[in-house]
C-alpha cells in the first residue's frame, strides 16, 4: 500500500496546468531538445532555399521560350505550305464517333 500516489493539496487541485510551475529538465534533455529544434529549423531553411533555387533556374531557363508557330519573315514557302495543308484537309473529312 505504500506505492499509492500522494493526494495533491487543495491548492494544487485549484490551479490549472498552465499556472503550475513547470518541471525542470535535466541539462542533457535541454541540450537534446535545443539540438532537435536547431536541426528542424536548418532542414526547413535548406528546403526553402532549394525550392527557391529550383524556381529561379526554371524561370531563367524558360525565359521567352514560347513557340508561336508563325512563319519567319521572308519565307513565302511556309505560307504556301500552310495553305495547301488546309486545302487538303477540306477535301475529305471523316468523323469517327
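Please read every residue number as a count from 1 along the shown chain.
Backbone N, Cα and C atoms are what each Cβ position is placed from, and that goes for glycine too.
Features reported for this protein in Swiss-Prot:
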- 1-36: topological domain 'Extracellular' (TOPO_DOM)
- 7: O-linked glycosylation site (CARBOHYD)
- 9: O-linked glycosylation site (CARBOHYD)
- 15: O-linked glycosylation site (CARBOHYD)
- 16: O-linked glycosylation site (CARBOHYD)
- 24: O-linked glycosylation site (CARBOHYD)
- 26: O-linked glycosylation site (CARBOHYD)
- 37-57: transmembrane segment (TRANSMEM)
- 58-97: topological domain 'Cytoplasmic' (TOPO_DOM)
Legend entry - residue 26 (O-linked glycosylation site) to residue 16 (O-linked glycosylation site) - Cα separation in whole Å: 24
Inset, instruction - Give, as a single whole number between 0 and 100, the mean pLDDT over the topological domain 'Cytoplasmic' (58-97). - result: 67
Legend entry - Cβ neighbour count (within 10 Å, all chains shown) around residue 24 (O-linked glycosylation site): 8
Inset, instruction - Within 10 Å of the Cβ of residue 26 (O-linked glycosylation site), how many other Cβ atoms can you find? Include all protein chains, please. - result: 8
Inset, instruction - Give the three-state DSSP assignment (helix, strand or coil) for residue 9 (O-linked glycosylation site). - result: coil
Inset, instruction - Would you kindly give the Cα-Cα distance separating residue 16 (O-linked glycosylation site) and residue 24 (O-linked glycosylation site), rounded to the nearest Å? - result: 18
Legend entry - residue 16 (O-linked glycosylation site) and residue 9 (O-linked glycosylation site), Cα-Cα, nearest whole angstrom: 13
Legend entry - Other CB atoms, at most 10 A from the CB of residue 16 (O-linked glycosylation site): 6
Inset, instruction - Could you tally the C-beta atoms, other than its own, that fall within 10 angstroms of the C-beta of residue 7 (O-linked glycosylation site)? - result: 8
